[in-house]
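Right, one structure below, let's go through it.
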Amino acid sequence: VILTGVFQFLIGFVTVAFAGHIGKVELAAVSIVIGVIEGLGFGLLLGTGSALETLCGQAVGAGQLHTLGVYMQRSWIICLATAVALLLVYMFTDPILRLLRQSPEISTVAGRYARWCVRQLFAYAVNFPMQKFYQAQSRVWVMTVISGAAVGVHALLNWVVVAKLGRGLLGAAMVGNASWWLINAVQFVYVVGGSFPEAWTGFSRKAFASLGGFVRLSLASAVMLCLEMWYYTAVIILVGCLKNPEIQVGAVSICTNYNIWTLMVSVGFNAAVSVRVANELGAKHPKAAKFSVVVAVTTSAAVGLVTLLARKQLPRLFTDDEQVVKEAAKLGYLLAATIGLNSIQPVLSGVAIGAGWQSLVAWVNIGCYYLIGLPLAAVFGFKLKLNATGIWVGMLIGTVLQTVILFVILFRTKWQKEVTAIQHVWHILGSNN
């Protein structure tokens, strides 16, 4: 799961790297599109597709494999509808960025590039439900191999089309589109080729039944994950409003990049534990579900501890600017605490997805992140003039509070009661399927 996430992250990373050799404006434009516009679509579609982590995971545990294909098709319908709604954002990227006071030159180029990347938006809508379908049945190694091969093809095509043939951003967008649809095509062929005989029995009209409840769970998943993903985006926007933004943003970007790489490990545990908890609840094994939580949290925390050992050498890997290095060093201990929390928090979110608590966690995220964390970040950063350090402290307080609340929820969970609730849900779903 971790390697699959890294490989898919590298597709965007490679695109940015090649765009940087075209020119500064092109680099800025691609970075904005990937970080803001595609980030919006990526977050919504990934969250929407995450409803399958709950349903497919519990279906496998309950031995209801024949429902998995229908669930994936329902998720495709919802994700594709979401992608259609997001078309407006891609079509009007230029005016949206100008409204956010971005450079007119960068906004124009970014708007053009976003329109060329519309095919990737629909590729995400097809890909994410298939990811959850594979994960629920422990076929993650297939996705890893496919994604790894796709990264190699993506890098090679960028070198040929962008670097050698000089096709610019249009070429970069075309290669990105091709790479994502290549992943989808191979994964789909693997599904329909007979590798999941019990789970995939062909397209069915049942996919259009009971869409209401599926939409509600999908929306809850999308809101929950988007609130987490956009929290750090909001922090960077706040830092960009400080004095000397080049130094402040540079320092925070270094810490954020390091945090993202370590977070990928924890997100891998998130996916693994959500499937495991869902499987055990579906199989009526409450003690096994609880044990899965303990193992995942302990293992993930150990990974976070290991990554802390190299934190002092981090800034110079990204920059030689002494001011930026000094500012980043100030954030070192806060970064260490953040990484420690982020090694555990995604696992707790994974438990929530596995148990179907998305709506509850979404409300927790709103309160902790946006009603407490960000306001405190603004007060510490601007009113108390603590700059980037103050903003990071405010953000960290929100994360600490969210993690504590999730721990309390888990500690008070009656797992046998959850099993009973799951069986009731399966009784309803069984009559619909």
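Along the chain as shown, the residues are counted starting at 1.
Backbone N, Cα and C define each Cβ position, glycine as well.
Taken from TrEMBL, the feature transmembrane segment applies to 6-23, 30-51, 71-92, 140-162, 168-193, 214-240, 260-279, 291-311, 331-353, 360-382, 388-411.
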Highest-contact recorded stretch vs the transmembrane segment (6-23), from 71-92, 140-162, 168-193, 360-382, 388-411, CB pairs under 8 Å: 140-162
Long-range neighbours of the transmembrane segment (168-193), counting only residues six or more past its ends (CB under 8 A): 8, 11-12, 15, 18-19, 22, 26, 29-30, 109, 112-113, 116-117, 119-120, 123-124, 126-127, 130, 133-134, 142-143, 146-147, 150-151, 153-154, 157-158, 161-162, 200
Chain residues outside the transmembrane segment (30-51) and at least six past its termini with a C-beta under 8 angstroms from it: 12, 15-16, 19, 75, 78-79, 82-83, 86, 89-90, 93, 96-97, 102, 106, 110, 113-114, 117, 120-121, 124-125, 128-129, 131-132, 169, 172, 214, 217-226, 229-230, 233, 353, 358
